[in-house]
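So the structure is just underneath, and the comments pick up after that.
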(Lines of atoms letter the chains of each structure in order from A and count residues from 1; the text may use other names and numbers.)
(Lines give C-alpha, C1' and ligand atoms only; values in the text may rest on other atoms or scores of the structure.)
Protein backbone atom coordinates (compact mmCIF):
# COMPACT_ATOMS: atom_id res chain seq x y z
CA UNK A 1 0.00 0.00 0.00
CA UNK A 2 2.78 2.39 0.90
CA UNK A 3 4.57 1.64 -2.36
CA UNK A 4 1.37 2.24 -4.34
CA UNK A 5 0.78 5.56 -2.60
CA UNK A 6 4.35 6.67 -3.39
CA UNK A 7 3.84 5.59 -6.98
CA UNK A 8 0.63 7.60 -7.26
CA UNK A 9 2.38 10.65 -5.78
CA UNK A 10 5.14 10.34 -8.34
CA UNK A 11 2.55 10.20 -11.11
CA UNK A 12 0.86 13.29 -9.76
CA UNK A 13 4.16 15.21 -9.77
CA UNK A 14 5.29 14.21 -13.26
CA UNK A 15 7.32 17.11 -14.68
CA UNK A 16 9.00 17.59 -18.06
CA UNK A 17 12.23 15.88 -16.96
CA UNK A 18 10.21 12.94 -15.60
CA UNK A 19 8.27 12.64 -18.86
CA UNK A 20 11.48 12.64 -20.90
CA UNK A 21 13.29 10.11 -18.69
CA UNK A 22 10.24 7.83 -18.63
CA UNK A 23 9.87 8.03 -22.41
CA UNK A 24 13.56 7.12 -22.90
CA UNK A 25 13.25 4.15 -20.53
CA UNK A 26 10.03 2.98 -22.18
CA UNK A 27 11.52 3.31 -25.67
CA UNK A 28 14.79 1.46 -25.07
CA UNK A 29 13.22 -1.32 -22.99
CA UNK A 30 11.22 -2.63 -25.95
CA UNK A 31 13.40 -4.01 -28.75
CA UNK A 32 10.42 -4.78 -30.99
CA UNK A 33 9.27 -1.17 -30.72
CA UNK A 34 12.74 0.06 -31.70
CA UNK A 35 12.74 -2.18 -34.78
CA UNK A 36 9.19 -1.11 -35.67
CA UNK A 37 9.97 2.61 -35.38
CA UNK A 38 13.17 2.13 -37.38
CA UNK A 39 11.31 0.50 -40.27
CA UNK A 40 8.46 3.01 -40.23
CA UNK A 41 10.94 5.92 -40.11
CA UNK A 42 12.58 4.97 -43.42
CA UNK A 43 9.99 6.83 -45.60
CA UNK A 44 10.28 9.87 -43.31
CA UNK A 45 14.07 9.67 -43.58
CA UNK A 46 13.97 9.70 -47.40
CA UNK A 47 11.52 12.62 -47.54
CA UNK A 48 13.49 14.59 -44.94
CA UNK A 49 16.79 14.12 -46.82
CA UNK A 50 15.18 15.48 -49.99
CA UNK A 51 13.69 18.39 -48.03
CA UNK A 52 16.87 19.22 -46.10
CA UNK A 53 19.03 19.34 -49.24
CA UNK A 54 16.86 22.09 -50.69
CA UNK A 55 16.50 23.86 -47.35
CA UNK A 56 20.26 23.91 -46.79
CA UNK A 57 20.69 25.29 -50.32
CA UNK A 58 18.23 28.09 -49.51
CA UNK A 59 20.04 28.84 -46.24
CA UNK A 60 23.41 29.05 -48.00
CA UNK A 61 22.09 31.37 -50.72
CA UNK A 62 20.27 33.55 -48.18
CA UNK A 63 23.41 33.82 -46.05
CA UNK A 64 25.44 34.87 -49.09
CA UNK A 65 22.91 37.60 -49.92
CA UNK A 66 22.71 38.88 -46.33
CA UNK A 67 26.49 38.94 -45.90
CA UNK A 68 27.14 41.00 -49.02
CA UNK A 69 29.54 43.90 -48.25
CA UNK A 70 27.73 47.20 -47.75
CA UNK A 71 29.09 50.46 -49.07
CA UNK A 72 30.11 52.93 -46.42
CA UNK A 73 28.49 56.36 -46.29
CA UNK A 74 31.50 58.05 -44.70
CA UNK A 75 32.79 59.35 -48.05
CA UNK A 76 29.60 61.34 -48.53
CA UNK A 77 30.51 63.58 -45.61
CA UNK A 78 34.17 64.38 -46.27
CA UNK A 79 33.01 67.77 -47.52
CA UNK A 80 32.18 68.71 -43.92
CA UNK A 81 35.70 68.03 -42.62
CA UNK A 82 36.77 71.70 -42.65
CA UNK A 83 33.58 73.00 -41.00
CA UNK A 84 32.26 73.08 -37.48
CA UNK A 85 29.23 70.92 -38.25
CA UNK A 86 30.42 67.77 -36.46
CA UNK A 87 27.45 67.58 -34.09
CA UNK A 88 25.01 68.29 -36.87
CA UNK A 89 26.64 65.69 -39.09
CA UNK A 90 26.67 63.00 -36.38
CA UNK A 91 23.01 63.63 -35.63
CA UNK A 92 21.81 63.22 -39.19
CA UNK A 93 24.20 60.70 -40.70
CA UNK A 94 22.20 58.16 -42.72
CA UNK A 95 24.26 55.23 -41.41
CA UNK A 96 23.51 56.16 -37.79
CA UNK A 97 19.82 56.56 -38.57
CA UNK A 98 19.79 53.18 -40.33
CA UNK A 99 21.61 51.51 -37.41
CA UNK A 100 19.09 52.91 -34.92
CA UNK A 101 16.20 51.80 -37.09
CA UNK A 102 17.73 48.32 -37.41
CA UNK A 103 18.10 48.00 -33.62
CA UNK A 104 14.50 49.04 -33.00
CA UNK A 105 13.31 46.74 -35.76
CA UNK A 106 15.30 43.80 -34.36
CA UNK A 107 13.91 44.36 -30.86
CA UNK A 108 10.36 44.56 -32.19
CA UNK A 109 10.81 41.42 -34.29
CA UNK A 110 12.39 39.56 -31.35
CA UNK A 111 9.41 40.26 -29.10
CA UNK A 112 6.95 39.31 -31.85
CA UNK A 113 8.91 36.13 -32.62
CA UNK A 114 8.96 35.10 -28.94
CA UNK A 115 5.19 35.51 -28.65
CA UNK A 116 4.46 33.70 -31.91
CA UNK A 117 6.87 30.88 -30.95
CA UNK A 118 5.14 30.46 -27.60
CA UNK A 119 1.73 30.25 -29.29
CA UNK A 120 3.10 27.79 -31.84
CA UNK A 121 4.59 25.50 -29.18
CA UNK A 122 1.45 25.55 -27.02
CA UNK A 123 -0.75 24.73 -30.00
CA UNK A 124 1.73 22.05 -31.11
CA UNK A 125 1.43 20.39 -27.71
CA UNK A 126 -2.38 20.37 -27.97
CA UNK A 127 -2.29 19.21 -31.59
CA UNK A 128 0.10 16.34 -30.83
CA UNK A 129 -2.02 15.34 -27.86
CA UNK A 130 -5.10 15.28 -30.11
CA UNK A 131 -3.28 12.86 -32.44
CA UNK A 132 -2.43 10.64 -29.46
CA UNK A 133 -6.09 10.77 -28.37
CA UNK A 134 -7.17 9.76 -31.89
CA UNK A 135 -4.91 6.69 -31.78
CA UNK A 136 -5.53 5.61 -28.18
CA UNK A 137 -9.12 6.71 -27.54
CA UNK A 138 -10.63 6.42 -31.02
CA UNK A 139 -11.80 10.06 -30.97
CA UNK A 140 -11.18 12.01 -34.16
CA UNK A 141 -11.29 15.49 -35.66
CA UNK A 142 -12.73 18.37 -33.68
CA UNK A 143 -13.72 16.08 -30.79
CA UNK A 144 -10.11 14.93 -30.38
CA UNK A 145 -8.84 18.51 -30.37
CA UNK A 146 -11.55 19.54 -27.87
CA UNK A 147 -10.52 16.67 -25.59
CA UNK A 148 -6.89 17.73 -25.95
CA UNK A 149 -7.78 21.31 -25.02
CA UNK A 150 -9.73 20.07 -21.98
CA UNK A 151 -7.03 17.72 -20.67
CA UNK A 152 -4.15 20.16 -21.25
CA UNK A 153 -5.91 22.98 -19.41
CA UNK A 154 -3.64 24.04 -16.55
CA UNK A 155 -0.71 22.09 -18.04
CA UNK A 156 0.26 24.46 -20.87
CA UNK A 157 3.62 25.22 -19.27
CA UNK A 158 4.69 21.57 -19.33
CA UNK A 159 3.47 21.12 -22.88
CA UNK A 160 5.27 24.31 -23.91
CA UNK A 161 8.64 23.20 -22.50
CA UNK A 162 8.19 19.67 -23.81
CA UNK A 163 7.65 20.92 -27.36
CA UNK A 164 10.43 23.51 -26.93
CA UNK A 165 12.96 20.74 -26.24
CA UNK A 166 12.13 18.83 -29.42
CA UNK A 167 11.84 22.07 -31.42
CA UNK A 168 15.30 23.15 -30.22
CA UNK A 169 16.73 19.70 -30.97
CA UNK A 170 15.54 19.77 -34.58
CA UNK A 171 16.83 23.28 -35.23
CA UNK A 172 20.11 22.62 -33.40
CA UNK A 173 20.76 19.73 -35.77
CA UNK A 174 19.84 21.87 -38.77
CA UNK A 175 22.08 24.79 -37.75
CA UNK A 176 24.95 22.45 -36.89
CA UNK A 177 24.66 20.86 -40.32
CA UNK A 178 24.65 24.32 -41.90
CA UNK A 179 27.75 25.49 -40.00
CA UNK A 180 29.79 22.40 -40.90
CA UNK A 181 28.86 22.88 -44.57
CA UNK A 182 26.27 20.13 -44.83
CA UNK A 183 25.14 21.34 -48.24
CA UNK A 184 28.60 20.76 -49.72
CA UNK A 185 29.10 17.55 -47.71
CA UNK A 186 26.13 15.28 -48.31
CA UNK A 187 27.07 12.95 -45.45
CA UNK A 188 26.33 15.64 -42.85
CA UNK A 189 22.71 15.92 -44.04
CA UNK A 190 22.28 12.14 -43.73
CA UNK A 191 23.61 12.25 -40.16
CA UNK A 192 21.36 15.20 -39.29
CA UNK A 193 18.22 13.54 -40.65
CA UNK A 194 19.17 10.22 -39.05
CA UNK A 195 19.47 11.82 -35.60
CA UNK A 196 16.17 13.65 -36.12
CA UNK A 197 14.36 10.44 -37.11
CA UNK A 198 15.90 8.64 -34.13
CA UNK A 199 14.51 11.18 -31.64
CA UNK A 200 11.15 11.62 -33.39
CA UNK A 201 9.61 8.41 -31.90
CA UNK A 202 10.70 9.60 -28.45
CA UNK A 203 8.64 12.74 -29.01
CA UNK A 204 5.50 10.70 -29.58
CA UNK A 205 6.21 8.47 -26.58
CA UNK A 206 6.65 11.63 -24.50
CA UNK A 207 3.37 13.01 -25.88
CA UNK A 208 1.62 9.78 -24.90
CA UNK A 209 2.98 9.95 -21.34
CA UNK A 210 2.08 13.65 -21.19
CA UNK A 211 -1.49 12.84 -22.28
CA UNK A 212 -1.92 10.08 -19.70
CA UNK A 213 -0.56 12.31 -16.94
CA UNK A 214 -2.84 15.22 -17.90
CA UNK A 215 -5.81 12.85 -18.10
CA UNK A 216 -5.08 11.33 -14.68
CA UNK A 217 -4.72 14.78 -13.10
CA UNK A 218 -7.94 16.02 -14.66
CA UNK A 219 -9.93 12.90 -13.67
CA UNK A 220 -8.50 12.95 -10.15
CA UNK A 221 -9.43 16.62 -9.78
CA UNK A 222 -12.95 15.89 -11.05
CA UNK A 223 -13.29 12.94 -8.63
CA UNK A 224 -12.10 15.06 -5.70
CA UNK A 225 -14.59 17.79 -6.59
CA UNK A 226 -17.46 15.29 -6.83
CA UNK A 227 -16.49 13.62 -3.54
CA UNK A 228 -16.32 17.06 -1.91
CA UNK A 229 -19.83 17.85 -3.15
CA UNK A 230 -21.09 14.49 -1.85
CA UNK A 231 -19.55 15.16 1.57
CA UNK A 232 -21.21 18.59 1.71
CA UNK A 233 -24.56 17.11 0.73
CA UNK A 234 -24.17 14.40 3.37
CA UNK A 235 -23.52 16.99 6.03
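Heads up, the Cβ atoms here are built off N, Cα and C, so glycines get one too.
Between the listed ranges 125-146, 213-234, TrEMBL ties the annotation transmembrane segment to 125-146. Matching 10-30, 31-51 against TrEMBL, the residues noted as transmembrane segment span 31-51.
Checking the ranges 101-119, 158-176 against TrEMBL, the transmembrane segment annotation falls on 158-176. Counting only same-chain residues 6+ beyond the ends of the transmembrane segment (31-51), those with a CB under 8 A from a CB of the stretch are 189-190, 193-194, 196-198, 200-201.
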